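Report on one structure; see the data block that follows.
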Amino acid sequence: MKVTVVGAGAVGASCAEYIAIKNFASEVVLLDIKEGYAEGKAMDLMQTASLNGFDTKITGSTSDYSKTANSDICVITSGIPRKPGMTREELIGINAGIVKTVSASLVEHSPNTILIVVSNPMDTMTYLVHKITDLPKHRIIGMGGALDSARFKYRLAEALEAPISDVDGMVIGGHSDKGMVPLTSHATRNSIKVSEFLSEERLNQVAADTKVGGATLTGLLGTSAWYAPGAAVSGLVQAIACDQKKVYPCSTLLDGEYGLSDLCIGVPVVLGRNGIERIVDVSLSDAEKEHMKASAEGVKKTNGLLEL
Ligand SMILES: NC(=O)C1=CN([C@@H]2O[C@H](COP(=O)(O)OP(=O)(O)OC[C@H]3O[C@@H](n4cnc5c(N)ncnc54)[C@H](O)[C@@H]3O)[C@@H](O)[C@H]2O)C=CC1
Ligand SMILES: O=C([O-])CC(=O)C(=O)O
């Protein structure tokens, strides 16, 4: 199993590290445009192999896509991150150009690959990849919901004063401060609805804190987060590589599901060796349906800024 990660920055390196530590891939190629940077990150990570007990071979490349040839899975993390006070949508001007050239080069060298898009604004970048490559839709996957759901579970566990392993919950919708739709009505603590434990007001606070999860960390760190994003990407990569058939919310091209079409937005999907093997249609409350509709309008507005 060969995995390429483009962008050896904070998220790309974290993602490569988690993939290696989980020890399911034979090879990870890190590629960056900065001279020597990916080679340096790869060497540093390889020097953790005997300490962390993995056999995955990590190599680095400066813009040489021949090294990525025949990758089973490619991850795009190249692009600028936001600074405090910015929205993800403001990154479109620079990141669209980067994602366009990177995805074309990846597909040229790995025509059978499954592509995972991470660069922001992620739903719009995922849509862009559909427009400029001829990969089938089940092989183009946007990562956002897996991370947002992990943050939701963190906030739920905090409010419930319960261990995170007892908590389950999912966030669908656009990966943006306003567009996320935390499914509070479906969230559970060991199979019991969380509304049995938390007031509506507290649950609304959990949802609000979840939606600004990325912005909160950007304010604290001065740039956006990388540990949880890297771990979330490695989860998707593992689900595909190991044919786990796990359900994750991912950004995917919709064609009528959830009453939406011609956009990529986060919905629950089954992930296996073929990429997105099924889109799961979950029944939503009226409020969640309205929220999803507004989220889709936001994503479409950002898509409208693309020069296609
Ligand atoms: N979808 C999600 O849930 C998340 C998305 N992100 C996004 O991921 C992206 C990366 O974030 P960080 O790793 O923190 O940024 P970073 O600045 O640490 O790393 C980005 C890397 O991309 C490289 N790069 C730029 N243009 C390139 C090109 N044409 N080819 C190859 N490499 C290129 C840069 O040299 C840099 O090393 C940002 O757009 C950020 O907003 C970050 C966290 C979560
Ligand atoms: O907040 C950001 O800009 C990066 C990101 O998408 C996240 O951490 O959720």
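Each residue, glycine too, has its Cβ placed from N, Cα and C.
No curator has checked TrEMBL annotations; they are predicted automatically.
Note that the structure is a prediction, hence the values are computed from the model and not measured.
What TrEMBL records for 1-142 is domain 'Lactate/malate dehydrogenase N-terminal'. The feature NAD(+) binding site is assigned by TrEMBL to G7, A8, G9, A10, V11, G12, D32, N95, V118, S119, N120. Summarising the annotation, TrEMBL assigns substrate binding site to R82, R88, N120, R151. Taken from TrEMBL, the feature domain 'Lactate/malate dehydrogenase C-terminal' applies to 147-301. Summarising the annotation, TrEMBL assigns active site, proton acceptor to H175.
Annotated features taken from TrEMBL, shown on the structure.
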| residue | record | DSSP (3 states) |
| --- | --- | --- |
| G7 | NAD(+) binding site | coil |
| D32 | NAD(+) binding site | strand |
| R82 | substrate binding site | coil |
| R88 | substrate binding site | helix |
| V118 | NAD(+) binding site | coil |
| R151 | substrate binding site | helix |
| H175 | active site, proton acceptor | coil |
Q | Cβ neighbours within the same chain of R88 (substrate binding site) - under 8 Å, at least six residues apart | A | R82, N120, P121, M122, H175, S176, D177, G214
Q) Going through the binding-site residues G9, V11, R151 in sequence order, which have a CB under 6 Å from an atom of ligand 1? A) G9, V11
Q) In Å, how large is the greatest distance between any two Cα atoms among G7, A8, G9, A10, V11, G12, D32, N95, V118, S119, N120, the listed binders of NAD(+)? A) 17
Q) Looking at the binding-site residues G7, G9, V11, D32, V118, R151, which have a C-beta within less than 6 Å of some atom in ligand 2? A) none
Q: May I have the DSSP-based helix, strand and coil counts for the residues of the domain 'Lactate/malate dehydrogenase N-terminal' (1-142)?
A: 67 helix, 28 strand, 47 coil
Q) On a count of neighbouring CB atoms within 10 A, which of the binding-site residues V11, V118 is highest? A) V118
Q: Calculate the distance in Å between the alpha carbons (Cα) of G9 (NAD(+) binding site) and R151 (substrate binding site), and round it to a whole number.
A: 22
(Q) Using a 10 Å radius around each Cβ and all protein chains in view, which of these binding-site residues has the most neighbours: G7, G9? (A) G7
(Q) Let's check the environment of the residue listed as 'active site, proton acceptor': how many other CB atoms sit within 10 Å of its CB? (A) 29
